[in-house]
Each structure stands twice: as C-alpha cells, then as structure tokens.
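Engineer: These came from Swiss-Prot, pasted as-is:
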BINDING   12-18, 40-42, Arg304, 330-332, 412-414  GTP binding site
BINDING   Asp13, Gly40  Mg(2+) binding site
BINDING   Asp13, Glu14, Gly15, Lys16, Asn38, Ala39, Gly40, His41, Thr128, Arg142, Gln223, Thr238, Arg302  IMP binding site
ACT_SITE  Asp13  active site, proton acceptor
ACT_SITE  His41  active site, proton donor
BINDING   Thr298, Thr299, Thr300, Gly301, Arg302, Pro303, Arg304  substrate binding site
Amino acid sequence: MATRVVVGTQWGDEGKGKYIDMLAKDSDMVVRFSGGNNAGHTIVANGVKYALHLIPSGILNEGKTCIIGNGVVVDPAVLLKEIKELNEKGISTDRLLISDRAHVIMPYHKLLDELQEKFRGENSIGTTKRGIGPCYSDKTERSGIRMCDLVDEDEFVRKVRENLKVKNLIIEKVYGGQKLDEEQVISEYLEYGRKLKEYVADVNSIIFEAIEQGKNILFEGAQATFLDLDFGTYPYVTSSNPVAGGVCTGAGVGPVFINEVYGVLKAYTSRVGAGPFPTEQNNEIGDRIRELGWEYGTTTGRPRRCGWLDLVMIKYAARVNGLTALAINHVDTIGKLPKIKLCVAYKKNGQETRNFPCSLKELAQCEPVYEEFDGWDEDISNVKSFDDLPDNAKKYLSRIEEIVGVKIKLIGVGKEREQTIVVN
C-alpha cells in the first residue's frame, strides 16, 4: 500500500495538477480533501487542456476512483458543468464519488461573499467571490447544508427556509443588498440534488476499505501552504486547511496511514491577489517571469504577481507538511533569465533568520537575502535525467535541496506531464 499526499508549498498555482495526474497513474483512488472551486488545476494531456476546479485531476486516468472528500465545499452548478465538459471530451465520470458530509455552497454564500468584500473596501482580502468563506463559516457555525441534505428533499427545504430567514436579513439590513427568492433557490437546488444523487456516498468508509485492502491512494491538495487558514499569511488566506494535515480532517484518514508527502513548488514564486510577498519583483523582471511562465489565474484569469523563489517559505512548508519529497515546476522557464536570484534567508534589524514570521508587520520588516545564479537559456524540454540538465540548472536545484533539506524527486521541464524528470 502507498498513500501519497500532494500539497502546494507556496501561494497556489504551483502546477500540482500535472504531478497529481502523473502520480495518479500508479494509484487506485484519488481524493480531493480541501477547498472549493476557488482553486483550479490545469492539466495538458495528449495535447488536450483540462481546467478542473472541483473534480480530482485523477479523473483523466481511466479506471481510477475519484473522490471529493468531506473537507471540500461543493458548488453543485460548477460540479455539474465540469461533469458535462469532461463527458463531452470523452472522459467518463462513472467512478466519481462525493462525500455525503461535504458542505454545499448556496446562492446566499456567493452573494454574501461579494457584499462582504465590497464592504471591506481597500481592506479587501482578494476573495474569488465564489462563496467559499461564507460556506465554511456556516459549517463552523453549524448551520451549513451538506450533500446528504441536498439529496434529502424534505430536509433540504426545511434547512433552506430556516437559513434564508437569517441570511436575507443580513443581506438587506447589513449590506443593503437584494434578498434572495426562497422558492427559486429551493427549485434550482432540488434539481441539482436529483442530478448529483448518484454520486453521493459515504466515502469515508470507501477510503478506509481501500486502505485495508492495500490499495494505492493519492490525496490531492488544492491551493497551498501559505493560503492555509492556520499556517498561511493570515488574513490573506483561504478558509480551509490545504496542508497535509488537512487529509486527516478533510478525508477522515488518520496520520498513521500517510506514507509520502510531495511538496510542489515553482522555480520562482507567484501570488494572486493581496497579501505580503517578500521576494516580489514589481518591475521588468516580474513582468518577464509572468510572460515566460504565462502566470494568469486558472479560476479568475487575473495576472499573478511574480518574484524570486523564497526558500524561507519552502523550508517552512517542508516542516508544516512533513514533506518527504519536492516536485519543482518551471525549471525551463526560470532558466531563460540571464541571472536568477534565490532567497536563502531574511534579514531583520541586521540579523539573519530562516524562520517565517507569523506577524505580517514583522514580515514586512524582513529583507530577502539573495544568492545569485547564472541562467541556462537552452531548450531542456526533452531532457529525461538530472545528469543531462545544464550545469547551471543542476547548481540551482542542488542549492534548493541543500537549504530545504528535502530531496527533489520530480522536475518539470515543460507543460506536458511527459516533460518531467523523475529523480531516483
């Protein structure tokens, strides 16, 4: 049995989907354990581009059981759209399952998300306005609606009527918005429930049964360490726990059953939306990285902020997630720059540190300490082994391993999943 977890080590968009898709080939089951459709995986397989926001990337591998775990919040309309688009491209969703414990994103969640962000004004946190945060808030408040409720029509109607009494008051009286039509919400969502009923199951039992049978299971992370509600750059974070520990609560799997944890990173750093970014290059270098790496959000289309790779962050991510391996992307991209910088420490009040601070005020006082490397402006897209990489690339990658203290096992040298070096 092998149970692997794949997590992002930065602010998301590291290219996790590519490695999840690759590792899924050796897995019997792929499980998504956190987040919602505010995250997106883009995979290019056999020349076809797939953008997935809820369904596990493993769906592209025939015969794999793909599970949306209880830690995920589900927008039924988005999920049904993804199912339809996959089916139209010849991809079967017969082996897709959704946890009966997963919470449902309702129209009032999306409306409140938008109204709250508008209310914050210049203090906005850059939410995607897809209702993720308000849905998780209801989950914590114990007023949420779960998939088991969505497919139980009487229970669903009761809960919606109860919730809308409060939600419509908040929408109207606090934010000055227009209240939602109760009957329209009920009618729309009952239809979603009927269409999704065949996919809803007690997936926790199914996962545990697979573990007992010695099956290979891949746990697919969305977003990343520095967007984690507890360990990220709070409050510029998501509303869930995308770190490896999120598997335990988001899929109902005890830590003793986790064998390997892969941390995915880019050879540089990017971020969407507001929040701190110590190595950001708000200049021609940042613009060049953005264009070379085509750094625009899968979900929002927003241009990403770009900068140098920050190993203080990666080392912190290695500790928080218990990483056993690194998987690095865009090695081909960063090498096109003549000079490359690598942040190996921070300097604060004249003192060097390799610890990532909790306080954003303290983080703002930290200056990156850089080491400089020469680029390798040559085509490496067909390189199949570490030894065949340019010397400058090998120096760069070896320094990353040395400082982080975790071996690089997968190296991305292009967009296709075949353009990956597996390091033994």
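Backbone N, Cα and C define each Cβ position, glycine as well.
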Engineer: Under 8 Å Cβ-Cβ from Arg302 (IMP binding site), six or more apart in the same chain: what's there?
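Structural biologist: Listed in sequence order, they are Val272, Gly273, Tyr296.
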Engineer: Starting from Lys18 (GTP binding site), work out which of the recorded positions listed here (His41, Gln223, Pro303) have their Cα within 10 Å, and give them in sequence order.
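Structural biologist: Those close enough are His41.
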Engineer: Determine the minimum-neighbour residue: among Asn38, Thr42, Thr128, Gln223, listed as binding-site residues, which Cβ has the fewest other Cβ atoms within 10 angstroms?
Structural biologist: Thr42
Engineer: Please identify, among the binding-site residues Asn38, Gly40, Thr128, Pro303, Arg304, the one with the smallest Cα-Cα distance to Gly15 (GTP binding site).
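Structural biologist: Closest candidate to Gly15 (GTP binding site), judged by Cα separation, is Gly40.
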Engineer: Give me the count of other Cβ atoms within 10 A of the Cβ belonging to His41 (active site, proton donor).
Structural biologist: 25
Engineer: Could you measure the widest C-alpha to C-alpha distance across Asp13, Glu14, Gly15, Lys16, Asn38, Ala39, Gly40, His41, Thr128, Arg142, Gln223, Thr238, Arg302, the residues recorded as binding IMP, and give it to a whole number of angstrom?
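Structural biologist: With Asp13, Glu14, Gly15, Lys16, Asn38, Ala39, Gly40, His41, Thr128, Arg142, Gln223, Thr238, Arg302 as the binding residues for IMP, the largest Cα distance is 34 Å.
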Engineer: Let me know how many other Cβ atoms fall within 10 Å of the Cβ of Asp13 (Mg(2+) binding site).
Structural biologist: 26
Engineer: In whole Å, note down how far the CA of Arg304 (substrate binding site) lies from the CA of Val331 (GTP binding site).
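Structural biologist: Arg304 (substrate binding site) has its Cα 18 Å from the Cα of Val331 (GTP binding site).
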Engineer: Quick one: which of these binding-site residues, Gly12, Gly40, Thr42, Pro303, have their CA within 10 A of Gln223 (IMP binding site)?
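Structural biologist: So the list is Gly12, Gly40.
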Engineer: According to DSSP, which kind of secondary structure is Val331 (GTP binding site) found in, if we only use helix, strand and coil?
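Structural biologist: Its secondary structure by DSSP: helix.
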Engineer: Thr42 (GTP binding site) to Asp13 (Mg(2+) binding site): how many Å between their Cα atoms?
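Structural biologist: Distance between the two Cα atoms comes out at 9 Å.
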Engineer: CA-CA, which of the binding-site residues Gly301, Pro303, Val413 lies nearest Asn38 (IMP binding site)?
Structural biologist: Gly301
